[in-house]
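Peer 1: Have a look at this one.
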Amino acid sequence: MSSQENPEENLPAQHGTAHGAVSVADEKHPFADPGLPPHEHRVQDIDERAAKRSERTVALLFTVSMLATVGFIASYVTIDIDQSAYIWPIGHISALNFALGCTLGLALFCIGAGAVHWARTLMSDEELVDERHPIEAPPEVKTKVMADFAQGAKESALGRRKLIRTTMFGALALFPLSGVVLLRDLGPLPGTVLRHTGWRKGKLLVNMNTNEPLRASDVTVGSLTFAKPEGLEEHDHDFQTQIAKDALMIIRIQPDDIKDKRELEWSHEGIVAYSKICTHVGCPISLYEQQTHHALCPCHQSTFDLADGARVIFGPAGHALPQLRIGVNDEGYLEALGDFEEPVGPAFWERG
Ligand code: FES
């Protein structure tokens, strides 16, 4: 009698009578375990011809993989590296790369597909239940571990060898200090550097566009001019660092329009100099509305009233723009009368 006539002989062996750990509820285990659903045999399990077909399919896939590998080697040997081929819709590409990619991809795909088909159709698909074991160690193992530990402590003579014990604890306590020492590499501490800029008494205000010192007569009402301290040049190695603190906005306002008394005192005939660095997170302020005397930071729209001590009238900036006290020298050039009296830029530095 053939296996086709007696399909039962193709069926996988059953392990035990129950399928899964079937149990009924009792006092100790209040939830019944229904076990696994009944196993359904595949057609290959009961039909030898179907099993043969699957076998041939798997063999075909592995054979195609072998041929693709041979094609890969042949492509590598025979196709010139400079040869190109037109592949629709990609266009012209390297013939060698295309051949290598296709053959290698096909070889790998067929191995994978053959293995998957083999596992799904011919290998045993019987569900097995592997009960989870308790993670906790049994009492005798725990007792043994504690006994081993006590034995080890006794054999090390840690209690008796006080010198070793003391020096060991000292070594372990001191060792983390080496990490603390490494913190020095985070330095040097900024000190008061962040509180000072390049402005000093007598430093001329230089137009950042023309690189020429600014005369009071150069600044007209309604105009906005950006200035830097004399001596700071773009090719200086620390130019970016310095200009991030020194950049100024110079505007001229009718003195009668200036509402803040100190602003008026620190200006020269209505010419006022404010830090160009926004006090929110330090963007350069670049927009000025002459009608309202409002300066707008483009980053988050903080708005400062330059006629009223540059106080914040809108946006997230935390405090007014610092003002630089200015005057004119004997030759009519605008000059600083000192440094800023507060840190420029984000309010963070006020805590520095
Ligand atoms: S940096 Fe100016 S508003 Fe945010």
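Glycine is treated like the rest: Cβ placed from N, Cα and C.
As annotated in TrEMBL:
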type	residues	note
DOMAIN	245-335	domain 'Rieske'
REGION	1-40	region 'Disordered'
TRANSMEM	58-79	transmembrane segment
TRANSMEM	85-116	transmembrane segment
TRANSMEM	163-183	transmembrane segment
Peer 1: Summarise the domain 'Rieske' (245-335) as counts of helix, strand and coil residues per DSSP.
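Peer 2: Summed over the domain 'Rieske' (245-335), the classes give 10 helix, 34 strand, 47 coil.
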Peer 1: Any residues 6+ beyond the ends of the transmembrane segment (163-183) with a Cβ under 8 Å from its own?
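Peer 2: Here the qualifying positions are 157.
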